[in-house]
Amino acid sequence: MSSRSYYEVLEVETSATEAEIKRAYRTLAMKFHPDKNPEGAEMFKEISHAYETLSDPQRRAAYDQYGESGGRYEGPDMDFGFEGMFGSGHPHRDMPRKPRAELHPLSVTLEDLFRGKKMRLKLERSIPCSHCKGLGGKRSVMKSCTPCSGLGYINSLRQMGPGMFLPQKAVCQSCKGLGKVIPEKHRCKKCKGSRVKTEADTVEIKIDPGMSDRQKVILKGKGDQAPGEEAQDLVFVLDQKAHATFVRIGDDLVAEGEIDLAEALCGFSRVMLNDLKGNPLLVTHQTGVIRPGEVLCIHNEGMPRAKRPGDRGDLLLKLHIKFPESGWTPSPALRSMLPATKRPADKDAEGAEMVTGRPISANEFAMRTSQSSQSRHAHADRDEDMFEDYGDDYADYSHGVPECQQQ
Ligand SMILES: [Zn+2]
Ligand SMILES: [Zn+2]
């Protein structure tokens with residue numbers, strides 16, 4: 001892997017929109033796809049890797065803040081905490097500041113998102129030391145830092161490729177970017193010169209009914225505060241746990257149920273499941289046949305719509321029809337009660353070869369047919385139209401998984 005940033009890999013600006021990133025990825029993926037360009041495999045991997053992160057807003061924000069490792073980004077990301085306090089002004093103001101937010105995942109249940117919830121969380125945050133007002137010691141005893149000559153940063157060259165170097169400023173470790181140091185004996189007794197202290201805080205997080213998985217709840221100014229700066233925002237990213245009964249699709253809920261053949265033909269009224277409030281739902285369907293694969297769409301039993309409180313999505317109940325076991329023999333009376341067949345029985349029977357079959361399960365059929373579809377895929381030419389069709393799935397090539405094996 002090269003040391004290029006994901007933005008450089010995709011040849012986009014760091015301010016690029018999601019659409020721009022997607023477009024850039026498609027263009028490059030097309031150019032370097034191993035099927036089209038045997039030399040492109042490494043490049044394609046790198047492009048896909050970059051796209052995986054930048055196409056996901058949360059991962060992109062984390063990358064912008066911490067870089068690829070998830071640790072502190074070693075790039076030109078500096079803390080200008082004392083800017084303004086010392087007045088002199090740093091000569092590199094145009095460098096990007098880190099985003100003013102801390103992202104924390106917050107585990108929630110589907111019930112929480114359905115009903116809404118208030119949660120109180122105890123946490124610790126870092127704030128300027130009140131004893132020294134965030135200075136770390138007396139101002140009068142501060143000395144210019146020797147290793148960086150008081151600049152707060154050290155110039156170096158970063159290798160970007162063969163023979164390519166980019167001048168780079170690294171934060172001076174001796175003074176942590178301040179340009180000033182305080183002799184040990186004059187350091188603040190409370191914070192030992194670190195300028196900050198840890199404070200216990202309780203925050204209240206409000207989840208509104210209908211909020212979605214991955215949605216952010218932002219608490220303005222409740223994050224860490226560096227001396228001389230405003231406090232960062234605390235951002236919680238909702239992370240919904242999988243639910244035993246329901247899968248949420250937008251504002252709709254999808255669940256599954258089983259009915260007998262008699263119920264599919266003659267109707268039913270039966271408690272099949274509990275809703276998200278825990279109340280039993282008497283699912284009723286009295287008229288009309290339910291056919292294999294049909295889904296019962298139950299109006300207004302889905303999730304609350306966040307934008308229109310009181311209004312709800314639908315419950316989509318996938319009904320599996322349980323047919324009688326193979327040993328069961330229908331009585332002749334049943335045949336006469338079912339709708340008469342319109343298919344002529346033996347019009348063409350004369351001279352035809354008689355064949356019989358063994359019923360195989362849908363699973364067995366799927367296994368047999370998926371093998372032959374794999375070999376068909378392998379021989380297909382991957383032209384540009386096909387690439388369009390598969391679109392984003394191509395990202396998975398970076399893990400060496402062909403798309404036809406995805407289930
Ligand atoms: Zn220094
Ligand atoms: Zn202090």
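Positions of Cβ are set from backbone N, Cα and C atoms, glycine also.
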Range annotated as region 'Disordered' - as stated in TrEMBL, picked from 51-101, 357-407: 357-407
DSSP residue counts for the domain 'CR-type' (116-200), split into helix, strand and coil: 6 helix, 40 strand, 39 coil
Mean predicted confidence [pLDDT] for the domain 'J' (5-67): 83
